[in-house]
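Asker: Before we start, here is the structure in question, set down as structure tokens.
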Amino acid sequence: MDTLARPLLRTRGLSTLWLLLLLSPAALASYSIGIGRADSTGPTAEIVFMGYAKIEQKGAGLHLRLFARAFIIDDGIERFVFVSVDSAMIGNDIRQEVLRKLKTQFGDIYTERNVMISGTHTHSSPGGFMLDVLFDLTTFGFVRESFDAIVNGITKSIERAHNAVVPGRIFITQGKVLDTNINRSPQAYLNNPKSERDRYEYDVDKTLTQMQFIGADDKPLGVINWFAVHPTSMNNTNRLVSSDNVGYASILFEKMMNNNATAGKGDFVAAFASTNLGDVSPNTRGPKCEFSGKNCSDQYTCPGKKEMCFASGPGKDMFESTSIIAHKIYQESVRLWQSKAVEVIGPIRAVHQFVNMPEQSAEFLNETTGKVEEVHGCLPAMGYSFAAGTTDGPGSFAFEQGTTTSNPFWNTVRNFLAAPTKDDVRCQSPKPILLATGRMKLPYQWQPKIVSTQVAVIGNVVIAGVPGEFTTMSGRRLREAIKKIMNDASDDETFVIVAGLCNTYSDYVTTPEEYQIQRYEGASTIYGPHTLTIYLKQYQELVQAAVQKRAVPSGPRAPELLQSNLITLVPPVLYDTPRWGYNFGDVIQQPPKVAWPGDTVTTIFVSGHPRNNLMTGKTFLTVERLGDDEVWIPVATDADWETKYVLSNRIFARSCNSEREFATPDLFRPYFYLTFALYGVINRNGISALLDFNGGELL
């Protein structure tokens, strides 16, 4: 093109833009945007949490409600939906059930190709929703309540987003968050090439990437950000359902933008989504011996093995640690929101393909030999170090991380379930196989062989939805591989986002070099040492197809396990009655007559069992204050940070007492009355006595 023509075209373009501005603000909108949020909490009692694999970690109350947050982006031709949900992960059957429900309402608008569902990876959500045997083993099988709560929450969030579509614009920006995350497997990270490691300042990603959604009328609509950190600030002793650090960060941002509304209320939606968090911990004090406080060994064991080795967060307890990490992420997100950002402009292209990982091959440059080798995927298998757990949550048996040799006793136990073949052992080497899950078929699939792979290109932004937990360096390599394709197609700066735990859960993805060390993440890389190599090839092909606007084959269908004879050993609530001499809603312990800022106020009610009614979209408790006009105003619900709903069962009578805690904030107006209200099952309410909140001066 003639060099003089370019500025002329730019001038004409600017004139056109000014004309559109005069005609209609909406005409300047780059996209149609819809955003929605819905409750996905599930059962808060007696269901084992998903994440730490501790069968004794059963729910006994509620810390923070769980939410699904949906973002619809439409360029007039293509539509893409990103959902971040407060769950440990997402399974194929969850996604398929969501798509079935959406199809009954909206036809073919929402499909496998354009709906991406990402789990935040909280380890304090009720389990039993994954259906794969290995993932539901510690939750005593399938739990319909958990499954339905997540499916319905995701579906409802997309419905609400669909019904809230308005013209708008998208901006993207990046910042840095320090003192918030550490690498929990530094030995494995150090096995990556030094030349590669030297390109990065840290052994974890400190970058926070944020997409901001603004209406054509300049109304703030929502925000998504991705920052690499495990939601494991709440440790494996916690028994209160919680969205953990990233969930609390979402609540903080939403309360700020929604005029301090109670959690889960208000139009503005903020998602703090997962990315390549595989080897990244929020427990920034690092691993120490349980009682002595001494440093752990390189294998994360303690002298004499009488002490557990685990890492802890920056606070005095897990609640304070959760708050500290959440505030750090939230504060950087707010800073970015108030700073200049790059506008996202360009078409949307979404591509999806199912892939049978054991059947895949790819080329790999062996830096030791200098030769290009053809490598293959393996049947799923878990290594010995998987059973060792991590410093965020140690395992229950005498296994150690970094194990690369097998044990005859454990091999005998393994072979009783399913014996790996010589090809399996060779393919997974140097991983010693503890569970040959790809060979285990009873009662049904133990781990997936077929995974979902998906990308969405939105202007100069690429969101890669990956079916597992990529480590720091795995995520970096994937971003680089995708950028190479995008840079070949455009001169514009490309932002590549790795969206973690999307659509299918297939455990971890390490680099081939990290895999050799066989720490927890390597032992849990189920398709063998070249899992990442295969994904790099696959996602480059998907991005290439998106850039070229080319359709790809849908791939082999993943089995839908919901149609199987699912096993559940979780008993229903057969009988529910108040304790002797009491009625539902009675107050056993009243709050004190007077409280001061910073006090924790506790009230105990006789309540029904919360599994009889999950109170979805509602609340088990409300804290109200008496306003100046003698009208009671809600101050907090069970979704807010300031409250805790703690359940205690008296098994002999099958009765429940529920304890409500309320931490009085420092900024409440002085000299008003508070009351606690119990809501819940079988339509029984209880109301506490009045509490005189004598706060002194308003701060």
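Including glycine, each Cβ sits where the backbone N, Cα and C put it.
Values in this document were obtained by computation on a predicted structure and should not be read as measured data.
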Asker: Pick from GLU78, GLU290, GLU469, GLU560: which one does TrEMBL list with HIS121, HIS230, TYR508 for the same Zn(2+) site?
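Answerer: It is GLU469, as the record lists it for that site.
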Asker: Count the other Cβ atoms sitting within 10 Å of the Cβ of TYR508 (Zn(2+) binding site), across every protein chain shown.
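Answerer: Around the Cβ of TYR508 (Zn(2+) binding site), 23 other Cβ atoms lie within 10 Å.
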Asker: Looking at the domain 'Neutral/alkaline non-lysosomal ceramidase N-terminal' (31-536) alone, can you tell me the average pLDDT?
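Answerer: 94, rounded to a whole number.
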Asker: With the Zn(2+) site defined by HIS121, HIS230, GLU469, TYR508, which remaining residues of that chain have Cβ atoms positioned within 8 Å of the Cβ centroid?
Answerer: SER274, LEU277, GLY278, VAL280, GLY468, GLY500, LEU501
Asker: About how far apart, in whole Å, are the alpha carbons (Cα) of TYR508 (Zn(2+) binding site) and SER281 (active site, nucleophile)?
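Answerer: Each residue's Cα considered, TYR508 (Zn(2+) binding site) and SER281 (active site, nucleophile) end up 14 Å apart.
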Asker: Which of the three DSSP-derived classes (helix, strand, coil) applies to GLU469 (Zn(2+) binding site)?
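Answerer: In the DSSP reduction, GLU469 (Zn(2+) binding site) maps to strand.
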Asker: Other than its own, how many Cβ atoms are within 10 Å of the Cβ belonging to GLU469 (Zn(2+) binding site)?
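Answerer: Its Cβ shell of radius 10 Å holds 28 other Cβ atoms.
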